[in-house]
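Per Swiss-Prot, the features are as follows:
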- His269: active site, proton acceptor (ACT_SITE)
- Ser116: site 'Transition state stabilizer' (SITE)
Amino acid sequence: MQANVQAITEAGTSRFVTVKDGDTEFRIHCNDTGAGAETVVMLHGSGPGATGWANFNRNVEPLVAAGYRVLLVDCPGWGKSDPVVNAGSRSELNGRVLKGVLDELDIERVHILGNSMGGHSAVAFALANPQRVGKLVLMGGGTGGPSLYAPMPTEGIKLLNGLYREPSIENLKRMMNVFVYDASSLTDDLMQARLDNMLARRDHLENFVKSLAANPKQFTDYGSRLGEITAPTLVIWGRDDRFVPMDVGLRLIAGIPNAQMHIFNRCGHWAQWEHAKAFNRMVVDFLGN
């Protein structure tokens, strides 16, 4: 199925949804586009200045063209969504908030693409709401826990945490230089836009640091529960990921019964951006078959 796709912009797809998590009310920002019968949700990672649009702007149009409604969600504590200091499981908080967003929008069942933290959050949602998940695509994330490939926290995570504490263009460049395999693709304009996003919400930066102090293990290790996931799952990883080592992806396909894995060479932690064309073809094919 192919749909006519007009120019899709961040501003033209922006909307807000109010959800409750226990006694707490969150105003959640989303980008919502496409009119397909099936919905694809995209969940971003935990980097400073991350948003649904910043993470996935190279991936929206191909999915809309393939006939899907696409929903990018800014998790609490990122982008235009409300701030939060989180002392529990960030994965499960995001999963609960996603359920609230889908309930408010009257969307019963979704496919979920999750990058890094978004992968952890997708797994949390799938475990809590198995009947509401079609398929999962997990990139550079899906569970917390140990790695045999690299000591934890990894080089990239140390740089990410340092950037939260001292947000500057120099620290941003240090992090982004190990975030992707080929840093020459990171233009000055892209770097400045990311820095501007960060500095526009200093409350998010400060709250992330406070959250880590309250609970250093923000992301749950779901290793013992992966066998409960019934959704067909595509795990995508960069061979050169210096944030979340590749053996975390191997743990996912070892645990999830109906899972497959694709590994991109010359790819860091941002497969959907670094290898966008191949990634988009792969995801459209996986969701459609």
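Glycine is treated like the rest: Cβ placed from N, Cα and C.
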Report task. Output, ordered by sequence, the same-chain residues six or more apart from the residue listed as 'active site, proton acceptor' with a CB under 8 Å from its CB, or 'none'. Result -> Gly45, Ser116, Gly140, Gly156, Phe179, Val180, Gly238, Asp241, Arg242, Phe243, Val244
**Report entry** Where the residue listed as 'active site, proton acceptor' falls in three-state DSSP terms
**Finding:** coil
Report summary line: DSSP output for Ser116 (site 'Transition state stabilizer') maps to coil
Query raised in the report: So for Ser116 (site 'Transition state stabilizer'), how many other CB atoms are inside 10 Å of its CB?
Result: 28
